[in-house]
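Chemist: Input: one structure, supplied below.
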């Protein structure tokens, strides 16, 4: 990753901190218009105790008609306006065509459900930097990690360890430990990369590589996050992958916080496998179907086995052979079977080449439709263009956070300062005891961010729908919240009436 600096550091406070400055940034950015492709809840919507939108007008207080400031796309992305239309088309097809919706391409409809998983490959591959054959939309994140590890974690008497990041999201930790237990290995086979000191908020490349090197001779798999969920650190996927492969170690990536957030080049970086969810920056909907990547060298199906090392390391274990077919071992299901023989019911598994051969069951057409709606929004631009906007948007947020009126801010940004080492998210650690009071004020003013007990706010302006004016307005509200928390921290209720507790999911 190249070193870059925040382009807003050189601006004078009087210019940078004005509403006019923020509005000018929005006016000259062509991607600002993408906000129109999303539903932005109003402040009244957030406090309304009935489901759905609050009706604007005389019954609503004036400030409640204003749009909320939604900086929580790192937890759940906002809904694209086209999602409802797409899902209605799916429902209408099901209602009017029944089972024929599986096989027939109807005018004005969505792709037949039999092929809907193929229909999302092209755009998905652009977002993660892969060949279409290397990606598949299926299952959910942890399920996909288990499916992929069942294929790629092949412990031997010489290599049996899994290396993960010490502060990994708990589900990744559970998955790795349970895979170790599944192979009847001791929990000590799990190696965690811990910060070198308690004062270090994130991991340097040098430290990550040194831990991997230390355990290289006995390590079968490295599983790391593309972006760390708590600190927002963007790991150097290319560098770490190259290091692992040079040491004969299979490497997989959890891209939950990276997909749709930063440009990826999984194919060119020679990543072995990866998995992600589609409900954060991808805006596919809560708990929607996830995605997986398998490099083409691992997805071959044919008469010649993939190149292997003598002990089957480096992600290439001995292959399964079934009547002259050779392919990588995996947990198999009928939807991963070649389409030409999927319905012959002869019990001979012929995997689809590539990532699709890892599918188990037919995917939910409802979920796929929701993901398709999101992908069609991403198709309006490119990941490089979104990244350029995101760097400026988050850089503006950082510059404004560092300009605290009245002296030293009562918080610290624990996300890397180098824009190349982070995505959209900035994690802000408040002084002890401030969190509940600050959240109370933010929620009252229609600001949605994510909390991490005991003291951290994760603030993530999404380039698809957030604006510089959002950031400007947020800073005023946040700084006022901090001032109130410092003066009378104990008087604020823990959470305001009618507003859900700040989102706890990732």
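FYI, residue positions are counted from 1 along the chain as it appears here.
Using the three backbone atoms N, Cα and C, a Cβ is placed for every residue, glycine included.
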Chemist: Since Swiss-Prot lists 141, 142, 169, 170, 171, 172, 254, 257, 279, 362 for pyridoxal 5'-phosphate, which candidate among 269, 334 does it give for that site as well?
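Modeler: Record check against Swiss-Prot: pyridoxal 5'-phosphate site with 141, 142, 169, 170, 171, 172, 254, 257, 279, 362, extra candidate from 269, 334 is 334.
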Chemist: Among the binding-site residues 171, 362, whose Cβ has the fewest other Cβ atoms within 10 Å?
Modeler: 171
Chemist: Please give the greatest C-alpha separation between any two of the pyridoxal 5'-phosphate-binding residues 141, 142, 169, 170, 171, 172, 254, 257, 279, 334, 362, in angstrom, as a whole number.
Modeler: 31
Chemist: Express the distance between the Cα positions of residue 169 (pyridoxal 5'-phosphate binding site) and residue 280 (N6-(pyridoxal phosphate)lysine) as a whole number of Å.
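Modeler: Their Cα atoms are separated by 15 Å.
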Chemist: CB neighbours of residue 141 (pyridoxal 5'-phosphate binding site) within 10 A?
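Modeler: By my count, 24.
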